[in-house]
Amino acid sequence: MASYTASQRYLSTRGGSYNLSFEDVVLKGLASDGGLFIPEEIPSPPSDWASRWQNLPFEELAYEIFSLYVSPAEIPFADLKDIIHRSYSTFRTKDVTPTVTLDKEKNIHLLELFHGPTFAFKDVALQFLGNLFQYFLARRNQGKAGRDREHLTVIGATSGDTGSAAIYGLRGKKDVSVFIMHPSGKVSPIQEAQMTTVMDANVHNLAVDGTFDDCQDFVKALFADPEINKTHRLAAVNSINWARILAQITYYFYSYFNLICQPSFLPASTVRFVVPTGNFGDILAGYFAKRMGLPAEKLVIATNENDILHRFWQSGRYEKKRVHGTAAEGGIPEDGVKAHEDGVKETLSPAMDILVSSNFERLLWFLAYQVYSSESDATEKRRATAGEHVRSWLNDLRSKGGFGVDADILKAAQVDFESERVTDEETLATIKSVFTMTAGHLSHGYILDPHSAIGITAAYRSAERAQSSSTHHISLATAHPAKFSNAVEAALHGESGYSWSEVLPQEMQGLEDKPRRVSHVQKSSGWQGVRKIVIAEVEAERQAAEKAPK
Ligand SMILES: Cc1ncc(COP(=O)(O)O)c(C=O)c1O
Ligand SMILES: N[C@@H](CCOP(=O)(O)O)C(=O)O
């Protein structure tokens, strides 16, 4: 454990309280009881935050937000500023995450999160996390040489975007090896090329013949394994790592400030955020922003046909199995319809083909804390009670494939969130209609990637429901369309003014022809098979580094 005064302590969602600092939780990733770390308190910004923060550039705003969670005793101010600057100077636009208006009449805006090195929202957090790892390691390794140096073994699972963003955030970094598992053949060709064409010695790609959930299960099993934890310091890049959530809070505030200075934003206007959701990490950052005081009226979860979250918000049941013959496409069983479907469905938005959303566990903890205890109870007792409920729900998920919550928990969840489920067909229709609609007022039609199109579809539905015509929707554009040629071509091929070659940024041209490095892993070899590979490859990498001329 770090020896200096920490910003605040972190708890596990499963009830453990380990008195850990920010540095500890960033380096550890997952709590030893299998839970996810959450800060003991959600900090409040200064009372005049709205005026103080309104005109800040992205980096300065990030600094204000991060320093509410990280004290200078852990990372001195100047160092934190430097880490932030190095993380966001790699972005192609000065304002890092710009907001553009898509539909003036309906007040629909897009928060473009894809201007980082790998063209997906993950860069916002993973550029930062990569630099944080490097900073902590450099500090711990000062004056150390050879095998005395602490070495980080990063293990991640990806449905396409986290993997490349983590690889670009960590490639070539000293004292770090990075292992990324992706479901073989289930990520887009560009995503696969982005990951597997990186030749730095510290980057290891594993293609697993399973689903993203299998890869995520392997990650969690490795973190829980005492054997590898004795010899290797494992670290997480998935949104189980608290720093991922923290870094994503900034753009909710930033886009809100961008919006409120527009003439169409009236004193009575309200704002809703719409978030294409898979592992629940991106929208959880919105929840933290809201709890910190951001006046977001609702957070709208937009799922694809892997709709476990949508079904939860409709029914209060969190079930891995999907049910066919559903009411109004909502995933809720109709009388007499009993057909269930196991497993994840492959869709046109593959990065969201996720059966179990790992960060939902963090929200469950906050809901249980709020609902199952009263303010007169001691804080420790309230926290322990919340942890017990989460543990029991998660046990049922593992042993029975699902669980249900009380009406009060569902009601509490519905205060901050709404949900929508969007089919492939609707996704394609939105890509096409947005392209056509914007062709008149933008220099060319706006091309959405399929994940962002799911958000926009949900935003239009939410706008229909909104009680006030002055409700603004900020929908998160989570990836660049060039990453998903299948969906974009299926929606726009033959449309006047559309050409695929103009979609592809220069950085991606020729990428698919480059040499690749990837190992194949049979799902049947289990996480133990992955452990074997990790141990052997870290050793080979370290030996090669020791032999290399200094
Ligand atoms: C392009 C894209 N959109 C949306 C999501 C969903 O984000 P989250 O998993 O944080 O809910 C992901 C990955 O998860 C993604 O890669
Ligand atoms: N869509 C993600 C899945 C992993 O989610 P994470 O946010 O927990 O890292 C991906 O593209 O890999």
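Backbone N, Cα and C define each Cβ position, glycine as well.
Source: prediction; values computed, not measured.
According to TrEMBL, the domain 'Threonine synthase N-terminal' annotation covers 9-88.
Among the features that TrEMBL reports, domain 'Tryptophan synthase beta chain-like PALP' is placed at 97-330. The average per-residue pLDDT of the prediction over the domain 'Tryptophan synthase beta chain-like PALP' (97-330) is 95, rounded to a whole number.
Annotation comment: TrEMBL describes LYS122 as N6-(pyridoxal phosphate)lysine. Within the same chain, the residues at least 6 positions away from LYS122 (N6-(pyridoxal phosphate)lysine) whose Cβ sits under 8 Å from its Cβ are GLY116, ASP161, THR162, SER164, ALA165, ALA166, listed in sequence order.
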Three-state composition of the domain 'Threonine synthase N-terminal' (9-88), taking helix and strand from DSSP: 36 helix, 12 strand, 32 coil
